[in-house]
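Notes follow the structure.
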Amino acid sequence: MAVRPTPELAADADARFADIADPVEQALVVLRWAGETFGADFAITSSMADGLLAHLASRAIPGVNVVFLDTGYHFAETIGTRDWITGVLPITLVNATPPQTVAEQDLSFGPRLFERDPDLCCELRKVKPLAQALAGFAAWGSGVRRDESPTRAGTRLVDWDATRGMVKVNPMAAWTQDDVDAYVAEHQVPVNPLFELGYGSIGCEPCTRPVAPGRTRAPAAGPVGARPSAASTPDGGPRPTPRVTGPWDGAAPARHHGWHVPSSTPLPDQIAAALPELPEWSGDAGGIRRSVQLPTFRDAVAAIVAIADVAEEMDHHPDVDLRWRTLHLSVVTHSAGGVTELDLQLARRIDSLLPH
Ligand code: SF4
């Protein structure tokens, strides 16, 4: 290992790079520092939603390791994008796979585990394989941006990942959507063609659906295959919620199509910082809960119906338990292993329907 990763090393680097005004230059400087400091012990992650971070990283560190979590459930388009990016950029693909193939998992746990126990499915096919893949590195990077959500507003360029005991770099932390669009257009960055088909972000095929309603920004006109104007994700049931986020932290930035689908689970302290905005809710980064008593049983049922409308609209669903006239609600993105920005949005919408 070239250099031992420490919190002090991360804090020092973060302070040194914070004042670089040009976002592209800043990202390249951060990535160059990571490459020079950690050498082959540095990797970025990518969900293969696009090749933006891989493009930047390969400019700064030719041959850079790019970890892709190959769950066995990806769309053919995603695998094609992976191969496309690997073919055109000077990167070293690290294709992280679960210990069991989908067929082997079906034999062990029964078919369509993602329907019956998505938490276990994600644990087996995402959480553990990613942890295993990153365990061999001293530092890693993702495409998380501060403008993606309030919980990411404090994202540092260089941070300490205490959970993994690694340095974590976020070279695009200060980027805006316009920066993303400009870079993609200028460099003709490969983009997953699923975005052209209405998908807001890209995850496992059984758990990802197109996002139609409520686009906040139309895709830019441009050649097919070039990146649409919106930014990005990582990712990614019946629980037929769109399991489009993965447990990793931002292989690519989150797209602004429809409901914001976060690219990762915010860090526990980021969730803790967001919870005061939801005083009716308790819990932590592992899940949030709210109980509310309605005047009558009929009112409680009506509240559930109203919540159901919002849940269907958002394509994201809370767990609901009704005891006479008291509703117990629980919100978490099981596939991400914790609370995401989408959960916070759902909680806010539920609050707008219920008495305080
Ligand atoms: S997102 Fe769906 S298919 Fe993919 S690992 Fe999780 S539950 Fe399984």
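Quick reminder: no glycine exception, Cβ is built from N, Cα and C everywhere.
TrEMBL: automatically predicted annotations, no manual curation.
The domain 'Phosphoadenosine phosphosulphate reductase' annotation in TrEMBL covers 51-210.
Within 10 Å of the C-beta atom of CYS204 ([4Fe-4S] cluster binding site) sit 26 other C-beta atoms, taking all shown protein chains into account. Summarising the annotation, TrEMBL assigns [4Fe-4S] cluster binding site to CYS121, CYS122, CYS204, CYS207.
If you look up TrEMBL, you'll see 215-246 marked as region 'Disordered'.
Under the three-state DSSP scheme, CYS204 ([4Fe-4S] cluster binding site) falls in the strand class. There are 28 other CB atoms within 10 A of the CB of CYS122 ([4Fe-4S] cluster binding site), with all protein chains counted.
In sequence order, GLN105, LEU113, PHE114 are the residues near CYS121 ([4Fe-4S] cluster binding site), counting only same-chain partners six or more apart with C-beta under 8 A. Cβ contacts within 10 Å of CYS207 ([4Fe-4S] cluster binding site), excluding its own Cβ and spanning all protein chains shown: 26.
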